[in-house]
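Chemist: Structure provided below as C-alpha cells; questions to follow.
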Amino acid sequence: MNTPRQRITVLGATGSIGTSTLDVIARHPERFEVFALSAQRQMDALFAQCLRFAPRYAVLGDEAVALQLRQRLGEAGSATEVLGGAAALEDIAAAGEVDTVMAAIVGAAGLPPALAAARAGKKVLLANKEALVLAGGLFMDAVAGAGALLLPIDSEHNAVFQALPADYRRDPAVAGVRRVLLTASGGPFRTRALHELDGVTPEQACAHPKWVMGRKISVDSATMMNKGLEVIEAHWLFGVDADAIEVVVHPQSVIHSLVDYVDGSVLAQLGNPDMRTPIAHALAWPQRIDSGVRALDLFEIARLDFERPDYQRFPCLALAYGALRSGGCAPAVLNAANEEAVAAFLDHGLPYRQIPAVIAATLERVCDLPVDSVEAILAADVQARAVARAEIHKRR
Ligand SMILES: NC(=O)C1=CN([C@@H]2O[C@H](COP(=O)(O)OP(=O)(O)OC[C@H]3O[C@@H](n4cnc5c(N)ncnc54)[C@H](OP(=O)(O)O)[C@@H]3O)[C@@H](O)[C@H]2O)C=CC1
Ligand SMILES: CC(=O)[C@@H](O)[C@H](O)COP(=O)(O)O
Ligand SMILES: [Mn+2]
C-alpha cells in the first residue's frame, strides 16, 4: 500500500538548514512533497528552488522582492503562487494541507511562523532555537495544547532526543536522567591568544572549524553564545534545570551530545558533522532514511577530546546561564541584545570583544518586562533592541 507523501513547508529555505533540508527531501521523492518555501530577500536562490521543487506557494519576507519573483516565475511558466510579508509566513506554516514544517528562519523573526505551526498541531522540525529562547514556556504550551509533534533539529538537541527513552515526557527524574551533556566545538577561537581576539574580523569569526552554517549562528559559535542559547533550548525541550545541563568542549564535533543516567550509563549520539543527519532523522522519524552523509570512520577520527569551557574566553556562556536562571524577560533580552550585537559586528560596526559587553549592559538596563503573551515578548524584544543599539553606539 502506498503511504501518502508528507507535505512540507520549509521556512528559511535559502539558508544553510533550508538547503540541507531540500537536499534530503530530493533524495526521497516518494516520501516528501514541498508545499511551500520561504526566504527573506534571496530571490535568485528561491526562484531556482521553485523551479526544482514546484511548491504551491513561495513567500518572500520583502514584499517588493516578492513582486519581482512573481513576475519571473510567471514568465518561466511556473504555477507557484508568490506571497509577500511576514503574515504569509504564518499562513504557509499553519495551512490545512501541510503536515510538516521545517522552522529554519534565523533569529526572533522565526518565532511567529514556528508558533503558528505549533498552534496548528503540525509536525514541527525546530532549527530556529531563538524561538525557544524567546518564548520557551509559551511555545511548549502551544505544542502540548494543539497536540503538535516537536522534533529538535539542532544537532545537540537531536542527539539528546535520540539518547532519551522513546516515551520521554520532559521529566528527567521519571526517566532516571541525571544530566544532559551538550557538546561544543569551541569555535574558531578556542585556542587563539586572548589579546588577538580584539581585532578579529567577521570572516575569521565565521570560519567555523567543523560546521558550515549561516553567519549569525557562526558568530554565536565563536562567542559560545550558541551554546548558551542551546542550554536554554535544552531546558525547554527536555524539562531539565540549568544545574543539570553541562557544556563539554569537544573539538572534533563527532559526539553531538550525551545523556547521563542515574545508573551510571551515558548514552551519546555520534556522526560526521553534517546537518543532513538530524534533518533526515526528524523528517522520517520514527523511521530511518538515507541522508547522504557518509558513514563515520572511527579509525580516521582516532581520538576524541574533552575540555571544560573557559568562561573568561567565552563570557557569553555565563550570560546565557544567568539569563536562564533569572527567568522572566531575561532570555528574551539576552537574545535581542545578542542579535543586535552580532549584526553590528558582522557589519564592521562593533569590535568582536564588545559583543558580550553589549549583552551584559542591556541585561542590566532592561528588566521585569512582562512575557505572558507573544505580543508582550515581541514588545520586550523591541525594547531590548533599542537599548542594545544605544550600547553598541557607545562602543563603536
Ligand atoms: N546552520 C546550521 O547548521 C544550524 C542552524 N541552526 C539554527 O537554524 C536557524 C537557521 O540557521 P541557518 O540556516 O544557519 O541561517 P541562514 O542565515 O543560513 O538562513 C536563514 C534563512 O532565514 C531567512 N531569513 C532571514 N531573515 C529573515 C526574516 N527576518 N524573516 C524571514 N526569513 C528570514 C533567510 O532568507 P534569505 O536567504 O533570503 O536571507 C534564510 O532563508 C537559526 O536559528 C540557527 O541558529 C541550528 C543548528 C545548526
Ligand atoms: C550544527 C549545530 O548544531 C550548531 O549549533 C553547532 O553546534 C555549532 O557548533 P558549536 O558547538 O561550535 O556551537
Ligand atoms: Mn547546535
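Glycine residues also receive a Cβ, built from the backbone N, Cα and C atoms like all the rest.
TrEMBL does not curate its annotations; it predicts them automatically.
So TrEMBL has the following annotated:
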type: DOMAIN; residues: 8-136; note: domain '1-deoxy-D-xylulose 5-phosphate reductoisomerase N-terminal'
type: BINDING; residues: Thr14, Gly15, Ser16, Ile17, Arg41, Asn128, Glu130, Gly214; note: NADPH binding site
type: BINDING; residues: Lys129, Ser155, Glu156, Ser185, His208, Ser221, Asn226, Lys227, Glu230; note: 1-deoxy-D-xylulose 5-phosphate binding site
type: DOMAIN; residues: 150-238; note: domain '1-deoxy-D-xylulose 5-phosphate reductoisomerase C-terminal'
type: BINDING; residues: Asp154, Glu156, Glu230; note: Mn(2+) binding site
type: DOMAIN; residues: 270-386; note: domain 'DXP reductoisomerase C-terminal'
Chemist: I'd like to know which of the binding-site residues listed (Asp154, Glu156, Asn226, Glu230) lie near ligand 1, counting only a CB under 6 Å away.
Modeler: Asp154
Chemist: For a Cβ distance below 6 Å to any atom of ligand 2, name the binding-site residues from Asn128, Asp154, Asn226 that qualify, or say none.
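Modeler: Cβ < 6 Å from ligand 2, in sequence order: Asp154, Asn226.
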Chemist: Provide the number of Cβ atoms within 10 Å of the Cβ of His208 (1-deoxy-D-xylulose 5-phosphate binding site), excluding the reference atom itself.
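Modeler: The answer is 19.
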Chemist: Return the average pLDDT for the domain 'DXP reductoisomerase C-terminal' (270-386) as a whole number.
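Modeler: Across the residues of the domain 'DXP reductoisomerase C-terminal' (270-386) the model's pLDDT averages 98 on the 0 to 100 scale.
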Chemist: Based on Cα distances to Arg41 (NADPH binding site), point out the closest of the binding-site residues Lys129, Asp154, His208, Asn226, Glu230.
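Modeler: So, of the listed binding-site residues, the one sitting closest to Arg41 (NADPH binding site) is Lys129.
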Chemist: List the residues of the same chain that sit at least 6 positions away from Glu230 (1-deoxy-D-xylulose 5-phosphate binding site) in sequence and have their Cβ under 8 Å from its Cβ, in sequence order, or write 'none'.
Modeler: Lys129, Asp154, Glu156, His157, Leu182
Chemist: Do you know which of the binding-site residues Arg41, Glu130, His208 end up with C-beta under 6 Å from ligand 3?
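Modeler: Correct list: empty, so none.
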Chemist: Could you break down the residues of the domain '1-deoxy-D-xylulose 5-phosphate reductoisomerase N-terminal' (8-136) into DSSP helix, strand and coil, giving a count for each?
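Modeler: Each residue of the domain '1-deoxy-D-xylulose 5-phosphate reductoisomerase N-terminal' (8-136) counted once, the result is 64 helix, 28 strand, 37 coil.
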Chemist: Measuring Cα to Cα, tell me the gap between Asn128 (NADPH binding site) and Asn226 (1-deoxy-D-xylulose 5-phosphate binding site) in whole angstrom.
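Modeler: Roughly 12 Å, rounded to the nearest whole number.
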Chemist: To the nearest whole angstrom, what is the C-alpha distance linking Gly214 (NADPH binding site) and Asn226 (1-deoxy-D-xylulose 5-phosphate binding site)?
Modeler: 12
Chemist: Compute the C-alpha separation of Thr14 (NADPH binding site) from Asn226 (1-deoxy-D-xylulose 5-phosphate binding site), stating it in Å without decimals.
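Modeler: Approximately 21 Å lies between the Cα of Thr14 (NADPH binding site) and that of Asn226 (1-deoxy-D-xylulose 5-phosphate binding site).
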Chemist: Restricting to the same chain and to sequence separations of six or more, state which residues have a Cβ under 8 Å from that of Asn226 (1-deoxy-D-xylulose 5-phosphate binding site).
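Modeler: The answer is Ala184, Gly187, Ile217, Asp220.
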Chemist: Cα-Cα, whole number of Å: Ile17 (NADPH binding site) versus His208 (1-deoxy-D-xylulose 5-phosphate binding site)?
Modeler: 15
